[in-house]
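One structure is given here, and the rest of the page talks about it.
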Amino acid sequence: MGQIEWAMWANEQALASGLILITGGIVATAGQFAQWYFGAYSIAAGVFICLLEYPRGKRKKGSTMERCGQKYMTAVVKLFGPLTRNYYVRAILHLLLAVPAGFLLATILGTACLAIASAIYLLAAIRGEQWTPIEPQPKERPQVGGTIKQPPSNPPPRPPAEARKKPSEEEEGAVGGPQVNPIPVTDEVV
Amino acid sequence: MGSWVVNHWFSVLFLAAWLGLNIFLFVQAFLNFEKNDKYYYTRQILGTALAVARASARCLNFNSMVILIPVCRNLLSFLRGSCSFCSRTLRKPLDHNLTFHKLVAYMICALTAIHVIAHLFNFENYSRSQQAPAGSLASALSSLSHHEKEGGSWLNPIQSPDMTVMYVTFTTIAGLTGVIITLALILIVTSATEFIRRNYFEVFWYTHHLFFVYILCLVLHGIGGIVRGQTEKSMHESHPQKCAESFQKWDNNDSGCRRPQFEGNPAESWKWILAPFILYIFERILRFCRSQQKVVITKVVKHPSKVLELQLNKHGFSMEVGQYIFVNCPSISLLEWHPFTLTSAPEEDFFSIHVRVAGDWTENLIKVFEQQHSPMPRIKVDGPFGTVSEDVFQYEVAVLIGAGIGVTPFASILKSIWYKFQREDHNLKTQKIYFYWICRETGAFAWFNDLLASLEQEMEELGKVGFLNYRLFLTGWDNNIAGHAALNFDKATDILTGLKQKTFFGRPMWDNEFSTIATAHPKSVVGVFLCGPRTLAKSLRKCCHRYSSLDPRKVQFYFNKENF
């Protein structure tokens, strides 16, 4: 189990918890349950958690599949620097956010899920994992004219480019200054 | 569109039946709880949320029953084997067992959400009616337990105004098991997302075993009898239609109406899931027994590109082409079983797998075998299990496409062809095989070289050069390699592989390939087999549909994808 990045699973779990908190909160608020204001809190906390957890961090090895449209949130989350990079901070944050929702039955499921996510994040932090943003790869524009090579400096018949580059291996053809054929050349067109 | 229907009619029918059953069960349960007089008084407190919760519960039972069946690999293999006389289209859905399992899982999640939300409303309503003003029907119903001498005839589980919803949830069997079961479900789902499954398989595999907790809690969930309806006797004496209005007079002995008596509904989840659960336990025992059989490692070959070949032997093991096995190595991990396609042919006296580094377990496996001085680690094997490649010889023309390590099932097929030719097996329906291998780096070709080289020779000797058409595509080429190839254009054999067939660079143009095949075989049924990435599957599927003619007598392309 050496290569497991617990933070990745914690991220999925936290995102799910956020959605559950929002759902529970909506049910409690819309149904005007007793102590429904915890439900209102739960919606706000859920939205915040979803926004925080939406951008997936970069895996240590291999390529990471981004979530659809996550680059906007990545930019925002990146701004907070060590607060969002460090998983200890996230573990404590999630634990604190989970507590108020635990007072209402409709949202207690969200509390439990978020607490589990917090525990997994703690495990990730202990193992030294960190959140690194997925940077968009700069698209390499082919430079106009960059692929145009120098026109051949020898008249035909010419040896292939490979042989031309390694003068020690060439068996025929000319190398050196332009228009100089050290070996007399005859036309070999068939 | 036409050929899609022809290919998939059975799957569509099956899904329609499953969906239809879900809808039927939901509506039936809903109407029962919404209209039945037995629940008249219950409805007075709870409203429609009662029916919604019960209907979703019924569907949850059904789906929990169904979800276990697609993962009984041995049962499915047995079905596939015993149905060999069935047409292709009937057996194909067995390949999609995992897709169906996921579909049922999504349905369970959706129904769980509905069920939980409905019960949140139910509990809230029970709580409100407990605190309702005295003199209302709700209050009368909620205080039933106070008046009865024999306990158990209550309706409202919230027995006093001080009892909170939270308290009831965690002190009743239904509430507690409900919370545990939902938590287990959420953990199973979050660890089973595609991202986690593909990259951190162990997390998925271990967490998924929480389903035992799910099933246990599901069976216990209904034991408390918290859903209450009026007893038969009480309905006979004081029918709600005539007695509900006069609830203030229930105490009076001469009103003709007595206080209603209630009883809880018995638990019914166990009735649904008992049979599939036993089937699944049987499946696990079978897997365990098979794994205990001794496996002998006859040969270990290290190939370039970090590919390890293991040749194994097990008493009583028999396989078909393209099947796969599950491998466990106790010295690496006691509980993990990983799937590998068999690369040997059934005609050989051993069976082999080629293992590539793809994560923790595979890396450790290769390391363990690299240490030559220590004793050979013990290996356990379960299987073989069948996938589509078994069908390849049933097609007149077969198009085999493997991307990278996805060529392994086809290694088995090609080897089998070689043996069948040697023994001049006339049962081969296959007249022609087109084999495409798409690979990124040249090193990965090495272990397959010998096989292709000997096949080339074999074809020449038997004078059947046209039987096997293979094309190798190198997608990770650079200028250097292309330069080399151009330089050696005139040579008879390919510089990279040493084979007569030259290596192509870049990806194949499928439209060209398919139209060539369609023109060459205008009246045949062509099976297209892919083991590779999803994007490739999409384009191949499109080509299959495009080049299949609508007339079933003309060329037909059937697409089969293997997946883990």
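Glycine is treated like the rest: Cβ placed from N, Cα and C.
TrEMBL entries are annotated by machine, without manual review.
Feature annotation from TrEMBL assigns transmembrane segment to A:12-30 (among others).
The transmembrane segment feature in TrEMBL is assigned to A:36-54 (among others). Panel annotation: around the transmembrane segment (A:36-54), residues 11, 14-15, 17-29, 67, 70, 73, 76-77, 84, 90, 94, 97, 100-101, 103-104, 106-107, 110, 114 of the same chain, lying at least six beyond its termini, place a Cβ under 8 Å from a Cβ of the stretch.
According to TrEMBL, the feature transmembrane segment maps to A:103-124 (among others). Long-range contacts of the transmembrane segment (A:103-124) within the same chain, counting only residues at least 6 positions beyond its ends with a Cβ under 8 Å from a Cβ of the stretch, are 5-7, 9-10, 13-14, 16-18, 20-21, 24-25, 27-28, 31, 33, 35-36, 38-39, 42, 46, 49, 87-88, 90-92, 94-95, 97.
Sequence annotations record features per position, and here TrEMBL assigns region 'Disordered' to A:134-190.
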Positions on the same chain near the transmembrane segment (A:12-30), where near means CB under 8 A and six or more residues out: 36, 38-50, 52-54, 90, 94, 98, 101, 104, 106-111, 113-114, 116-117, 120-121
